[in-house]
Amino acid sequence: MKINTAEFIISNSIVSLCPQEHLPEYAFIGRSNVGKSSLINMLTNHKSLAKTSGRPGKTQLINHFKINNNWFLVDLPGYGYAKVSKKTKEVFQQFITDYFEKREQLVCAFVLIDIRHEAQKIDLEFITYLGEIELPFCIVFTKADKISKGKVAQHVAAYRTALLKNNWEEMPHHFVTSATEHTGKESLLSYIDEVNQDIFKQNGF
């Protein structure tokens, strides 16, 4: 799939105020500084569609971007950010869970994980949460250019082992990406396109 247009539509923290159009939505979420904004900019061929920042927790709202006029890319706040107040964190967590549990247009969540690190408890807990609410999701490993291919394979295998220990029957669908080298761009966009085509056929688009 080629992305021809990417347009910012709205930022908000209330699910009922999200766009009313019945277009498929793909949510991107991960721990702070996982490289989410860089990945989104790489996928959409924009240098600053999503704002990049070295400060954790910079994204603090639900951000909708309309792609090719027929689907939405949704940029969500990171989880596990340390430099916001406890009350603020609770509010973020509430509207994130509201979005995941109430948003009918959401068809898939992409959970971003920094491939450089070992399996993190907070990532495993979030993946378990998505499984519990039966929301389709994929894992997107980021920053693959920062370590060797051998290390990448080792860390993916470690996540597989950790998930199997947490009662997953198999490793969820996953992608290995690098925003710097555009690694994984085509496979991720192809996946979104395949899901979109199925949805469009079902709805007679």
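Here the Cβ of each residue, glycine as well, is placed from N, Cα and C on the backbone.
The number of other CB atoms found within 10 A of the CB of THR177 (GTP binding site), across every protein chain shown, is 27. Annotated GTP binding site per Swiss-Prot: 30-37, 57-61, 75-78, 142-145, 177-179, in sequence order, evidence recorded as sequence analysis.
Residues annotated as Mg(2+) binding site in Swiss-Prot, with sequence analysis given as evidence: SER37, THR59. Around SER37 (Mg(2+) binding site), a 10 Å sphere centred on its CB holds 20 further CB atoms from the protein chains shown. The DSSP secondary structure for SER37 (Mg(2+) binding site) is helix.
Taken from Swiss-Prot, the feature domain 'EngB-type G' covers 22-198.
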Nonlocal neighbours by CB distance (under 8 Å) for LEU61 (GTP binding site), same chain, sequence gap 6 or more: SER11, ASN12, SER13, PRO77
Other CB atoms, at most 10 A from the CB of GLY30 (GTP binding site): 24
